[in-house]
Amino acid sequence: MEKWSLMTITVLLALTVRWTVSLGSYSGAGKPPMYGDYEAQRHWQEVTYNLPIRQWYFNTSDNNLLYWGLDYPPLTAYHSFLCAYVAKLINPDWIALHTSRGYESQSHKLFMRTTVFVADLLIYIPAVILYCCSLKETSTKKKVSSALCILLYPGLILIDHGHFQYNSVSLGFALWGVLCLSYDWDLLGSAAFCLALNYKQMELYHSLPFFCYLLGKCFKKGLKGKGLLLLIKLAGTVVASFAVCWLPFCTDVEQIMQVLRRLFPIDRGLFEDKVANIWCSLSVLIKIKNVVSPQTQLKLSFAVTFLSLLPTCIKLTVQPSLRGFKLTLVSCALSFFLFSFQVHEKSILLVSVPVCLIINEVPFMATWFLLVSTFSMLPLLLKDGLLLPYAVTTLAFLSACVASFAIFEKTSAKDLQLKPFSQSLRGYVSWFKLFPKIVRSLFLLSVTLMGVLSVMSAAVHPPQRFPDLFPVSVSSISCLHFLFFLVYFNVIILWDSKNSRNQKKVS
């Protein structure tokens with residue numbers, strides 16, 4: 001009873017923070033002609049409600065794809081239609097074809113913010129609460145603390161309830177998938193992840209860990225017996241899930257091809273804006289977009305991404321465990337973010353939510369990563385006028401993590417899950433005993449640097465010669481952090497002796 005009372009208070013606090021952030025500005029507010037993501041979501045409601053399904057993804061006189069054309073999978077379109085249906089009942093002007101372009105009002109803002117709030121409340125938040133309650137060998141206090149820190153993660157709050165998007169839907173479905181797999185409900189977990197993938201194609205960041213974990217379970221059960229049966233059931237579940245989601249588009253091959261072209265546009269280039277990945281950071285020294293063709297960029301990014309995630313995926317397939325699965329979700333998503341093609345700054349959320357899932361296991365490193373991930377989106381947040389919510393939610397999150405997990409006391413090799421690695425280095429690296437102090441010092445230096453850059457980005461005008469000095473500095477420093485975290489997570493996965501002991505649980 002006490003657990004659920006504390007969880008209720010946690011949810012109420014999380015909802016209060018979300019609604020408070022939603023009172024602020026949003027992407028593209030009062031900035032014609034393109035406005036921003038807020039207008040994109042409103043425009044998709046306009047298109048899906050007023051046009052037949054066969055025109056949703058095609059360029060027509062009523063659907064100019066150059067003006068926020070629909071470029072997400074069918075479930076996003078259906079969600080937009082559902083929101084539009086409600087909007088029509090309240091005020092038809094909000095989604096009137098053509099004439100509603102750029103519509104802004106306080107009542108419409110309230111409606112749009114409410115749609116995000118409801119989606120969060122129905123899909124993401126219940127998944128977080130049930131996931132934290134499902135944690136084994138964990139006290140009630142730790143379960144509540146984990147839920148509090150996950151729900152107060154500022155990155156997702158600022159993007160969904162500030163900037164304006166519905167990331168909590170796809171991430172929530174993915175989290176439901178993880179939750180189902182933790183109970184060995186493999187078919188339900190597969191279906192939930194298919195929903196996530198059919199809401200946002202960026203969920204491909206998580207697809208390989210799901211695939212490798214389930215394939216590994218099939219191997220362990222034996223492909224001549226129960227394993228083969230499970231594999232057939234999983235394949236059937238995936239096919240059925242996709243068939244249901246894509247059913248209205250399956251009447252015409254050209255419809256399917258056009259949707260796919262909209263989902264995976266090659267001509268947009270290697271990256272957009274000042275994203276904290278390796279390609280954007282390298283472009284400071286080498287203008288990759290100018291010296292390499294788009295097709296070569298695509299092949300290069302694919303090759304580097306594949307090579308970076310291959311070791312952990314092989315380990316997960318050979319030694320499937322729930323712990324290894326969650327860690328591989330982090331490492332694979334981070335590899336995609338750092339090295340893949342057409343990455344947005346908001347894509348770091350696809351790494352952050354899996355990191356949230358292990359905050360009770362490695363609280364120090366998880367907290368550090370989540371702070372950096374929020375900081376990496378600073379240029380976007382400043383553009384949207386979200387400096388105050390950024391500062392307040394980040395400080396609140398850091399305070400919650402320090403109070404809940406005493407993170408500065410969790411820096412030993414054992415606490416950082418590095419004991420197997422440190423034992424393999426014993427006799428070669430004499431300074432490894434100083435590692436806890438080094439990590440704490442690096443954390444404090446990192447937080448100080450992020451704080452100083454945040455203040456300077458908001459208050460100091462850059463030199464005329466370097467107008468992008470602060471955004472580039474933010475993305476480059478964040479990228480260095482992410483490379484460090486990629487190495488760290490790969491090390492604890494590849495040297496994790498617990499995985500082999502946990503295989504019995506998935507056999």
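For all residues, glycine too, the Cβ spot is worked out from N, Cα and C.
In the three-state DSSP classification, ASN59 (N-linked glycosylation site) falls within coil. Among the features that Swiss-Prot reports, N-linked glycosylation site is placed at ASN59.
As annotated by Swiss-Prot, topological domain 'Lumenal' applies to 25-114 (among others), with the evidence given as a curator's inference. DSSP states for the topological domain 'Lumenal' (25-114), grouped as helix (H, G, I), strand (E, B) and coil, give 47 helix, 2 strand, 41 coil.
Residues of the same chain lying 6 or more positions beyond the ends of the topological domain 'Cytoplasmic' (136-143) and with a Cβ under 8 Å from any Cβ of it are 2-3, 6, 360. The topological domain 'Cytoplasmic' feature in Swiss-Prot is assigned to 136-143 (among others).
For the topological domain 'Lumenal' (165-168), the list of distant contacts is 37, 41, 76, 79, 115-116, 119-120, 123-124, 156, 159, 200, 346, 349: same-chain residues at least six beyond its ends, Cβ to Cβ under 8 Å. Taken from Swiss-Prot, the feature topological domain 'Lumenal' covers 165-168 (among others), and the record attributes it to a curator's inference.
Within the model, the topological domain 'Cytoplasmic' (190-226) shows a mean pLDDT value of 95, rounded to a whole number. Annotation source Swiss-Prot lists topological domain 'Cytoplasmic' at 190-226 (among others).
The topological domain 'Lumenal' annotation in Swiss-Prot covers 248-297 (among others).
Long-range contacts of the topological domain 'Cytoplasmic' (319-338) within the same chain, counting only residues at least 6 positions beyond its ends with a Cβ under 8 Å from a Cβ of the stretch, are 178, 181-182, 204-206, 208-209, 212-213, 216-217, 219-220, 277-278, 305, 308-309, 312-313, 347-348, 350-351, 354-355, 357-358, 361, 479, 482-483, 485-486, 489-490, 492-493, 496, 498-500, 502-503, 505-506. If you look up Swiss-Prot, you'll see 319-338 (among others) marked as topological domain 'Cytoplasmic'.
Residues or ranges marked as topological domain 'Cytoplasmic' in Swiss-Prot (evidence: a curator's inference): 383-387 (among others). Below 8 angstroms of C-beta separation, residues 21, 24-27, 29, 36, 158, 162-163, 458 of the same chain, each at least six residues beyond the ends of the topological domain 'Cytoplasmic' (383-387), sit close to that stretch.
Under the heading topological domain 'Lumenal', Swiss-Prot lists 409-441 (among others), citing a curator's inference as support.
Residue counts for the topological domain 'Cytoplasmic' (463-473) under DSSP, helix first, then strand, then coil, are 5 helix, 0 strand, 6 coil. According to Swiss-Prot, the feature topological domain 'Cytoplasmic' maps to 463-473 (among others).
The annotation topological domain 'Lumenal' is assigned in Swiss-Prot to 495-507 (among others).
Marked as transmembrane segment by Swiss-Prot on the basis of sequence analysis: 4-24 (among others).
Only residues 6 or more beyond the boundaries of the transmembrane segment (115-135), in the same chain, are considered here, and those with a CB under 8 A from a CB of the stretch are 3, 7, 10-11, 14-15, 18-19, 22, 79, 83, 86, 142-144, 146-147, 150-151, 160-161, 164-166, 168-169, 171-173, 175-176, 178-179, 182-183, 356-357, 360. Feature annotation from Swiss-Prot assigns transmembrane segment to 115-135 (among others); the stated evidence is sequence analysis.
When Cβ-Cβ distances below 8 Å are used as the criterion, the transmembrane segment (144-164) is approached by residues 3, 6-7, 10-11, 13-14, 17-19, 21-22, 24-27, 36-38, 41, 112-113, 116-117, 120, 125, 128-129, 132, 135, 138, 171, 346, 348-349, 352-353, 356-357, 359-360, 367, 370, 373-374, 377, 380-381, 384, 386, 389-390, 393-394, 396-397, 400-401, 404-405 of the same chain, each at least six residues removed from its ends. Marked as transmembrane segment by Swiss-Prot: 144-164 (among others).
Feature annotation from Swiss-Prot assigns transmembrane segment to 169-189 (among others); the stated evidence is sequence analysis.
As annotated by Swiss-Prot, transmembrane segment applies to 227-247 (among others), with the evidence given as sequence analysis.
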Counting only pairs at least 6 apart in sequence, do the transmembrane segment (474-494) and the transmembrane segment (4-24) share 3+ Cβ pairs under 8 Å? no
Considering only the recorded stretches 4-24, 169-189, 339-359, 362-382, 388-408, state which has the highest number of Cβ pairs under 8 Å to the transmembrane segment (298-318). 339-359
Who sits close to ASN59 (N-linked glycosylation site): which same-chain residues at least 6 apart have their Cβ under 8 Å from its Cβ? LEU65, LEU66, GLY69
Under the DSSP assignment, what numbers of helix, strand and coil residues are found in the topological domain 'Cytoplasmic' (383-387)? 2 helix, 0 strand, 3 coil
Given pairs 6 or more apart, does the transmembrane segment (442-462) have at least three Cβ pairs under 8 Å with the transmembrane segment (169-189)? no
